[in-house]
Amino acid sequence: MAALAPAGPGDAASAALDELSLNFTYGAPGVGNGSLSGAWYRRNQIHLFGVLLAILGNLVISISLNIQKYSHLQLAQQEHPRPYFKSVLWWSGVLLMAVGETGNFAAYGFAPITLIAPLGCVSVTGSAIISVTFLKDNLRASDLLGMTLAFAGTYLLVNFAPNITQAISARTVQYYFVGWQFLIYVILEILIFCILLYFYKRKGMKHMVILLTLVALLASLTVISVKAVSGMITFSMTDKMQLTYPIFYIMFIIMIASCVFQVKFLNQATKLYNTTRVVPVNHIFFTISAIIAGIIFYQEFLGAAFLTVFIYLFGCFLSFLGVFLVTRNREKEHLQQSYIDFGNIPGKQMLDKIQPDSNSLSYGTLPDGSDSTNSQSGEKKEV
């Protein structure tokens, strides 16, 4: 009998090309038959359910954010505005946000982290669409380009994310938790976190990159613990009870603690910097940290072909660029009022709109202010 020759680099490249052709072929006979075929759907059915939960959850979150924004706009137009937390509309937005976050939480139990985490771009693009449709915000060319890039990146992410199906049981989480890869990763993460926290607290360095890097380091622990908790709950519902193991409660505590401190640093960043700068940078940092956490802890790219990984990363890049274009300079559009209007001051009657010519000698003075200047000069003479 002839011995089988070992597979060479050419065989690996041809296998990657075959996988690429299967993902992009529609209507062709055979097993692949495109990324919307029955065979592809059966191989990825569980993952697609997680993707659907994540997309719906992010869309609900974008709706909730716009509802809260609309409630703030309504309260600001009232003569005697009441606190926002007494508004029923605002609380409905909070309830929808809780529903959306629950969908995101459940999605991690059905699909890999590297597939669910980058889908956060759906929330940003969905919020922009809702703002244009219902809140009458301006639709810019960069918005259309950004949405197109984000949707194209999402398509590549769904098609070329790691195709692994893991049953997340308590024993599986324990095995990954004490693995040398994760222990080295945690040690490095703690070291970087302490250094950045030292510069933030002791040196008073509150740069946006420092704050959002702290958020991203905490977010990596968040996604690891969220997938562990969600996966063990899913395993308990479909197979065997996992909630009696101590590792479940350890992961639950890590999830809550990392979320709390993550929100704290993120709020600090939004107070110091413009939201249009914080949102895209935070999305990029969070996605990168989540992908690294999924690769190291759950080994989600183990055995993946180079071409598949490259196209996956290219899809991430397209989604990052789309989010940047959608959020770029959006809040500055509301600051284009070319005059000062005193009509909204309570108890004051609007007499004129002040915008003198910057080249004139009266620049910076009130119209018809000769009386006030004469009175001031008279007072100086008396003194």
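Backbone N, Cα and C define each Cβ position, glycine as well.
Marked as region 'Disordered' by TrEMBL: 353-383. Taken from TrEMBL, the feature transmembrane segment applies to 46-67, 88-110, 116-135, 144-162, 182-200, 209-235, 247-266, 278-298, 304-326.
Between the transmembrane segment (304-326) and the stretches 116-135, 182-200, 209-235, it is 116-135 that has the most C-beta pairs under 8 angstroms.
Distant neighbours of the transmembrane segment (46-67): 89-90, 92-97, 99-104, 106-112, 115-116, 119-120, 122-124, 126-127, 130-131, 134-135, 158, 161, 163, 165; these residues of the same chain sit at least 6 beyond its ends, with a Cβ under 8 Å from one of its Cβ atoms.
Between the transmembrane segment (88-110) and the transmembrane segment (209-235), three or more CB pairs separated by 6 or more residues in sequence fall under 8 Å, so the two stretches touch. When each of 182-200, 209-235, 278-298 is checked for Cβ pairs under 8 Å to the transmembrane segment (116-135), 278-298 comes out on top.
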